[in-house]
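Worksheet: the structure to be examined is printed underneath.
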Amino acid sequence: MGTILGKPFAGFFHQEEARIVLFGLGGTGKSSIMHKFKTGETLTTTMPTVGLNVESVKYKDSNLCFWEMGGQQCYMWFPLWKHWFQEIAGLVLVVDSTGRDQIEETKDFLNVVIDEIQGSVPDNAPVLVYGNKHEVPGAMSASEISNKLDLTSLRKKNWQRNWHVQSSCAFSGDGLHEGLDWLLKNAERM
């Protein structure tokens, strides 16, 4: 009886999952961030993500589907990215804020990603940059990360997305919710 009555109303109760793509170089904390959102717990052991990791997460009133792109072999996946990135609600670049020696590579990587996904991702999909590991002494601030990634110059590439850099710590959760709240608020404007 419940099945008979439930089927006609099933569409009213189904909530679409917003797809969010996490990407960045290897070892930046993408898996730890995703695990923190999924379970609320700290990821105690990590291994490099091979390929793609997909997790569904309930966050406040939203159902989210995080797509984590493995950082170790990120460049080999570019031909597939334009298919994975369709109909996304937002992009999340995870940066190791202690990795001063990697920030130039991160900038180059971001520019390659932008070129690769141009036309496949909604032009107004917001971009959140997590400056992860900010609790470590000597870590770059959010404004320093923004300057070193030269985010303001991306407008020259006809990149009209809103972006925000949020200092974060995947272990304590510091800054993660503030960043995700910003992303979801800006995704609603799409």
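Using N, Cα and C of the backbone, Cβ positions are placed for all residues, glycine too.
Copied over from TrEMBL, here are the features:
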- G24, L25, G26, G27, T28, G29, K30, S31, G71, N132, K133, H134, E135: GTP binding site (BINDING)
- S31, T49: Mg(2+) binding site (BINDING)
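TrEMBL feature annotations superimposed on the structure.
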residue: G24; record: GTP binding site; CB count, 10 Å: 26
residue: G26; record: GTP binding site; CB count, 10 Å: 14
residue: T28; record: GTP binding site; CB count, 10 Å: 26
residue: K30; record: GTP binding site; CB count, 10 Å: 28
residue: S31; record: Mg(2+) binding site; CB count, 10 Å: 22
residue: K133; record: GTP binding site; CB count, 10 Å: 23
residue: E135; record: GTP binding site; CB count, 10 Å: 16
